[in-house]
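Visitor: Just dropping this structure here.
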Amino acid sequence: MGKDQELLEAARTGNVALVEKLLSGRKGGILGGGSGPLPLSNLLSIWRGPNVNCTDSSGYTALHHAALNGHKDIVLKLLQFEASTNVADNKGYFPIHLAAWKGDVEIVKILIHHGPSHSRVNEQNNENETALHCAAQYGHSEVVAVLLEELTDPTIRNSKLETPLDLAALYGRLRVVKMIISAHPNLMSCNTRKHTPLHLAARNGHKAVVQVLLEAGMDVSCQTEKGSALHEAALFGKVDVVRVLLETGIDANIKDSLGRTVLDILKEHPSQKSLQIATLLQDYLEGVGRSVVLEEEHAQEDTAQETRLSSPAQSPSQKTKSETVTGELSKLLDEIKLCQEKDYSFEDLCHTISDHYLDNLSKISEEELGKNGSQSVRTSSTINLSPGEVEDEEEDPNSCGPTGLWEALTPCNGCRNLGFPMLAQESYPKKRNYPMEIVPSASLDTFPSENENFLCELVDTAVTKKPCSLEIARAPSPRTDNASEVAITAPGTGHHRNSSTGPTPDCSPPSPDTALKNIVKVIRPQPKQRTSIVSSLDFQRMNHNQEYFEISTSTGCTSFTSSPPVSPPTSSVETTEIKNEGAEHTDDLSQQEDDEPPKEYDAGQFAGLLHGSSPACEAPENPFHLYGKRNQGEDGQEEASLANSPLPFKQTPIENNPEPSVKKIKPKVVSRTIFHKRSHQLENHTIVGTRMSRGGSRNGDQWGVNPGGFVERACTLGRIRSLPKALIDMHLSKNVSKSDSDLIAYPSKDKARVNWSKSSTAERSSKDNSERTPSFTSEWEEIDKIMNSIDVGINSELEGMNGEATRPRCPVQTVGQWLESIGLPQYENHLTANGFDNVQFMGSNVMEDQDLLEIGILNSGHRQRILQAIQLLPKMRPIGHDGYHPTSVAEWLDSIELGDYTKAFLINGYTSMDLLKKIWELELINVLKISLIGHRKRILASLGDRLHEDPPQKPPRSITLREPSGNHTPPQLSPSLSQSTYTTGGSLDVPHIIMQGDARRRRNENYFDDIPRSKLERQMAQTGDWGEPSITLRPPNEATASTPVQYWQHHPEKLIFQSCDYKAFYLGSMLIKELRGTESTQDACAKMRANCQKSTEQMKKVPTIILSVSYKGVKFIDAANKNIIAEHEIRNISCAAQDPEDLSTFAYITKDLKSNHHYCHVFTAFDVNLAYEIILTLGQAFEVAYQLALQARKGGHSSTLPESFENKPSKPIPKPRVSIRKSVQIDPSEQKTLANLPWIVEPGQEAKRGINTKYETTIF
């Protein structure tokens, strides 16, 4: 160890000359050494020289010392002599961790790029921290920039569930915070219940960081267990941060998990700081109250000439109004929370709400009812979305209005996601926690006896729009008649005053598919509910900072429309109730509506409508057209949209009937769901729409594009005629069962151009258009001509700029939606888990029947149905088709949406498209470790046909497998693997392919030191599912003195709570008459390989199985049908080892408790590396089980022993087979529970062995 110690000391002190002298006897690396065989003298000097990867007592290698002390030249020299960058010290730190902690950007770059050994940027230490955590915590912005460029995952959480952004915010690293949120803005929404970056920054008083986070769009009202960020800042006395949060509009009434507000916390900690903060809060609340009063007085002056119904919530007296609103909200909130605590049904909750509104209406005085009895009541009640966010037309947008109601209705408190249900709400399936709009209709003097039921059914089912404020807004109808009418007005809008600008959404909205899916989950009411979904076509003065996406549903049609924020003038609207009878329709729907009163019906049909059904009743003579519409001037004035214009229907003349009978007026119902969305975000989204109809013989939707980037559907109002029932039924059969597969992707070529629509819709009328007055008809015909001319011009422009729009395109939908459209949603997990996760890349040249069988779809009828549906999907076009030639590997992978593999390709030497065109599927499996068959098939389909006439040739002699000992011997695979198992037309030589892949992958790198963890574990680490290990494992090299392996493959919790699954070929088992440890495994392996080599037919029968390894043992699972064949307990496994003749073959010995016989089970892995990992995982499973048993024994709780170790008999220690095996001293007291787990490395001395190191484990 003398030279090793000298090397370590020279690296620590920066003595370049001594390092070079000590390592000069070794062969030079890629920077200084030549190629070719080494003379004997050099080999001897290597034997006598120091080990470049030797470690000291703390686990530091020379590279650790050099990186920590900033010796750049030493780092370069060590890498030149093949030092490994992926050796961890005793605390799990890699050299890149130390360089990032020190802030040495040059050394970080060298470790990542220089080679031959390259650092893995996402490697974690024992605290689960990456190098990005170290750099972010200490504010090394240059290092952070380099790591972000190298695709370091910023979502990985350490053992305290902290991301790099959390650490930067906690320690006030402003520049780092800006860099991370600029590169990954989605991190601000990926928070835990323990903390958020905003809470951490507020707690430590980092005012600048708090401002940056809020400016970047972080929700100021986001909550954790400790409440809002205001709680944290107040508790720790950060006055400046409190001031910033209050100015941003945070709700001061938010409560923490203990039910305490900020003022409650201040009372518990009286101090000078608490007094200052309390004063700030008081001034803020008083200022908000004054601003609300001023705006209300201004609003009342504007409406002083209007006739309005009085209400306690709109009293001119400030004190009366404030007390009334506060009292009503308090009572309502208490009852809602009571309903939640007692787990009442949603119907009870809605009944509670409706009772309050009924009470409000009953308070209207008889005097004002007499004055306004001839006026129609327009009532729109909406519910506050989140504290501090009020868009009431009479309140300042930054004021703090009534709070707590929406939090009581939704499980995700404080998340401002305007118009979109949170994903967390799916855990509350019994409560429809989506926005509700309560729209009571008609004058009170018309049918006062029906108010209660009417309000109840409206509350129960009118789930159409997420409101943004709690208000009871009333406005008189501009009409002169007494017809009952209902209107939904956009939040913050009014008929007679300018609207206030409300806050824009802080969260990015989901895709249209996700939105539709969430809506469908909501609009599924309980059966036999009386339902009336009432809304209006009249949306006025919409906020100019937002876009509104509508879902307008009528009896059998759905439109999905994106419209710009417009301000059409007030127009009269007629709405009514409809009767839904599922798929049953009569010849005369209008007569049925006029003759029959409303009945109870199942509104489940609306769920189907939102999936894209087309009109099922009457259609206009001309199809609907899309036309572009832009804002006309900055004053917000806009002509009335045709989509918002009323449709005529027959009713009794109002002039002759002041109090019309409501039952005789049954106009149709149209409901709309409004989604708020940032205007600029739409430009970067994939646009959804319908196929364009070019031919004149087919009536379909057409596309319109305008410079403003907005598209809206409008009805071409021509003659409306009734359709025969047969045509209606045929139309229903074609469209009612349609799913979202009608949605087609049209990538926008210009950010200003947006195409958005849904399948074509049609409006119906109960009577013919001939009953219109002549002037009315002529006006609509004139408008019809104008719209047609606009439509023609727009479509001609679209044809010129988007010529390929008529090409068949792949529907923009998930695999689950596609499977649902063909009636097989149960196979979604089968497809996505195996790489068939994108319908754009699942054409007939990608997926085959054998693939479906392999992934576990055993029903032949279902496979045929899937294959038939796949024929309708577009085939993948190989590179070079249509002149497309990607210039880089990254560009090509991004084009097939497999960009995550970019780094794997580049690291393994696939740096050009020429190399990629020669890649084989075996290389994808063995070299690139692409285990998902769907991704492999996608890659091969994109690369085109394989050149079977040019198979890989014999590898050059320089290709070798590298071992820790430094010896070089060419790998030899078993004859069984070189047979026809993997052959293609008899021309594929498997050993040569694997060695060619190894040549590109390893070059001169250390082969066994750079084994990555499984993909599942990387995902678990990124999501923070693994926390602090519950047990402490000894490293393999400490568990046994004879192994060089320094770290395990998996997190201990993985083997305790889950399992590690590996695919392998099962060659068979052999009865062991005399148990001789690894000698028995060698004999069994040799016999099984000999059996497979006897005939090709025998080799074809070798089954593929899955070994599921955990601390309990090994489950033996059939890979075809996922059935568990057998389960071998850990206590019954006595030995596991690789075969020295073929390291890809391994075996383990189990004991049959019934017969008391031992059997050796033999497997062949896909490559040597996988076999090594399986054996190492088995060893870790033994270690985990052993440590669990020790914990149970030391704690004195025998009942806590794992099941596999209870009543475990002791076993004799077998005699070592090879003399160089180092004995392990074992405490006799520990032998009774579970013995030490030695890992044995036996340097091969026989020339017949392909690789001279094998990995074994033995249980005594």
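Including glycine, each Cβ sits where the backbone N, Cα and C put it.
As annotated by Swiss-Prot, compositional bias 'Polar residues' applies to 306-326, 372-385. What Swiss-Prot records for 556-575, 969-984 is compositional bias 'Low complexity'. Residues or ranges marked as phosphoserine in Swiss-Prot: Ser310, Ser315, Ser354, Ser508, Ser511, Ser739, Ser775, Ser974 (among others). Feature annotation from Swiss-Prot assigns phosphothreonine to Thr504, Thr773. Sequence annotations record features per position, and here Swiss-Prot assigns phosphotyrosine to Tyr901, Tyr1007. If you look up Swiss-Prot, you'll see 298-326, 368-402, 491-513, 556-642, 754-778, 946-989, 1197-1217 marked as region 'Disordered'. Summarising the annotation, Swiss-Prot assigns repeat 'ANK 1' to 2-31. Per Swiss-Prot, the feature repeat 'ANK 2' maps to 58-87. Annotated motif 'Nuclear localization signal' per Swiss-Prot: 935-938, in sequence order, evidence recorded as similarity to another entry.
Are these features on the surface or tucked inside, and what are their neighbours?
Guide: In sequence order, Leu893, Leu928, Ile930, His935 constitute the residues six or more apart from Tyr901 (phosphotyrosine) in its chain with CB-CB distances below 8 Å.
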Visitor: Could you tell me how many residues in the motif 'Nuclear localization signal' (935-938) are helical, how many are strand and how many are coil under DSSP?
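Guide: Helix, strand and coil residues of the motif 'Nuclear localization signal' (935-938) number 4 helix, 0 strand, 0 coil.
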Visitor: Looking only at the repeat 'ANK 2' (58-87), what are its DSSP counts of helix, strand and coil residues?
Guide: 16 helix, 1 strand, 13 coil
Visitor: Counting only residues 6 or more past its boundaries, what in the same chain has a CB within less than 8 Å of a CB in the motif 'Nuclear localization signal' (935-938)?
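Guide: 835, 841, 846-847, 851, 876, 896, 898, 901, 921, 924-925.
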Visitor: For the motif 'Nuclear localization signal' (935-938), would you mind checking the mean pLDDT of the predicted model?
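Guide: PLDDT averaged over the stretch: 90.
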